[in-house]
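Scroll down for the structure; my scribbles are underneath it.
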Amino acid sequence: MGRWVNQSYTDGFFLLGIFSHSQTDLVLFSAVMVVFTVALCGNVLLIFLIYLDAGLHTPMYFFLSQLSLMDLMLVCNIVPKMAANFLSGRKSISFVGCGIQIGFFVSLVGSEGLLLGLMAYDRYVAVSHPLHYPILMNQRVCLQITGSSWAFGIIDGVIQMVAAMGLPYCGSRSVDHFFCEVQALLKLACADTSLFDTLLFACCVFMLLLPFSIIMASYACILGAVLRIRSAQAWKKALATCSSHLTAVTLFYGAAMFMYLRPRRYRAPSHDKVASIFYTVLTPMLNPLIYSLRNGEVMGALRKGLDRCRIGSQH
């Protein structure tokens, strides 16, 4: 068994990827790269806007900047290696590189799942207790929310990385995925993985199902508060406050829960790859668009930034 572990450590793995070199797949690969570029630029721009514009220094935008940072790190962890392997035709990844990719991926997905869940509490307080919002969502609370999201996500990532890399791998080293995804990697292990499967399921319940339950409970309370609002303008503002977050939640949790919480007998590598593309590339692109295009404050900050650049260039 040790011989196989050493061989895996030395030789690494092969990522079979999601694209072939057919004409159709070349078009799809180009589309993914466009999405990656938009995600990269959109999240970087949103982080800078929130940092530079004093009008966006509020709890909601602080959480949004952290969400954009997570999305930015997530796409940079997955897409560049996938693109390099596709363009070079090598498809290889080292054992250490695979472990690092797993650690970052699990940490970031877990952190984002928790942060989206805790952001629902922020929306609940904003709608249901607007007068107490500055007290209930003070700076210390905001730092605790983001800090706990990052901390638990990183702990989850380290646990799964150590557990996955500690298994013996023998026979085929071909991972049927476009990155080192834990469940695809486990299929190559020549040891009983039932304990790891249980650990993975427990982590998914804590990082996905529990925050999703918090979100549903928060929005049930928000709905009750909205129904009690008699002013049409206030009712519209309350819905606008929550709609962006609810859209992001649906996109992220829909794909992630489909990926990790459905029974194994319904799993197929092709389905897993498509679901992974959705929440590792598409969602990070859509989040900044959802929060900026539908938000007057962000668009206003962008216009002010462009005006400053234009005035500066004239001088």
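Note: Cβ is positioned from N, Cα and C throughout, glycine not excepted.
The shown structure was predicted, so the numbers you read here are calculated from the model rather than taken from an experiment.
Look at Swiss-Prot and you will find 1-31 (among others) tagged as topological domain 'Extracellular'.
Under the heading N-linked glycosylation site, Swiss-Prot lists Asn6, citing sequence analysis as support.
Swiss-Prot lists 32-52 (among others) with the feature transmembrane segment.
The topological domain 'Cytoplasmic' annotation in Swiss-Prot covers 53-58 (among others). In the predicted structure, the topological domain 'Cytoplasmic' (53-58) carries a mean pLDDT of 84.
What Swiss-Prot lists as transmembrane segment is 59-79 (among others), and the listing cites sequence analysis.
The topological domain 'Extracellular' annotation in Swiss-Prot covers 80-99 (among others). If you look at the topological domain 'Extracellular' (80-99), the same-chain residues 6 or more away from its ends with a CB under 8 A from one of its CBs are 8-19, 29, 33, 36, 161, 164-165, 175, 178-180, 185.
Within 10 Å of the Cβ of Cys180 (disulfide bond) there are 27 other Cβ atoms, across all protein chains. According to its DSSP assignment, Cys180 (disulfide bond) is coil. Sequence annotations record features per position, and here Swiss-Prot assigns disulfide bond to Cys98-Cys180.
If you look up Swiss-Prot, you'll see 100-120 (among others) marked as transmembrane segment.
Note on the topological domain 'Cytoplasmic' (121-149): DSSP counts are 26 helix, 0 strand, 3 coil. As annotated by Swiss-Prot, topological domain 'Cytoplasmic' applies to 121-149 (among others), with the evidence given as sequence analysis.
Below 8 angstroms of C-beta separation, residues 1-2, 4-5, 7-8, 13, 66, 95, 98-100, 102-114, 182, 185-186, 188-191, 193, 196, 199-200, 203, 206-207 of the same chain, each at least six residues beyond the ends of the transmembrane segment (150-170), sit close to that stretch. According to Swiss-Prot, the transmembrane segment annotation covers 150-170 (among others), on the basis of sequence analysis.
Long-range neighbours of the topological domain 'Extracellular' (171-198) within the same chain, counting only residues 6 or more positions beyond its ends whose Cβ lies under 8 Å from a Cβ of the stretch, are 1, 4, 8, 11-19, 77-78, 81-82, 93, 97-99, 101-102, 105-106, 160, 163-164, 260, 267, 269, 272-273, 276-277, 280. Feature annotation from Swiss-Prot assigns topological domain 'Extracellular' to 171-198 (among others); the stated evidence is sequence analysis.
Taken from Swiss-Prot, the feature transmembrane segment applies to 199-219 (among others). Outside the transmembrane segment (199-219), and at least 6 residues removed from its termini, the chain residues within Cβ reach (under 8 Å) are 106, 109-110, 113-114, 116-118, 120-121, 123-124, 152-153, 156, 159-160, 163, 182-183, 242, 246, 249, 253, 256-257, 260-261.
The topological domain 'Cytoplasmic' annotation in Swiss-Prot covers 220-238 (among others).
The transmembrane segment annotation in Swiss-Prot covers 239-259 (among others), and the record cites sequence analysis as its basis.
For 260-272 (among others), the entry in Swiss-Prot reads topological domain 'Extracellular'. Tertiary neighbourhood of the topological domain 'Extracellular' (260-272): same-chain residues 176-177, 181, 183-184, 200-201, 204-205, 208-209, selected by CB-CB distance under 8 Å and a gap of 6+ residues from either end.
According to Swiss-Prot, the feature transmembrane segment maps to 273-293 (among others), an assignment based on sequence analysis.
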Other parts of the chain folded back onto the transmembrane segment (32-52), taken as Cβ under 8 Å at six or more residues beyond its ends:
61-62, 64-65, 68-69, 71-72, 75-76, 79, 83, 277, 281-282, 284-285, 287-289, 291-292, 298, 301-302, 305
For Cys98 (disulfide bond), what is the tally of other C-beta atoms lying within 10 angstroms of its C-beta?
24
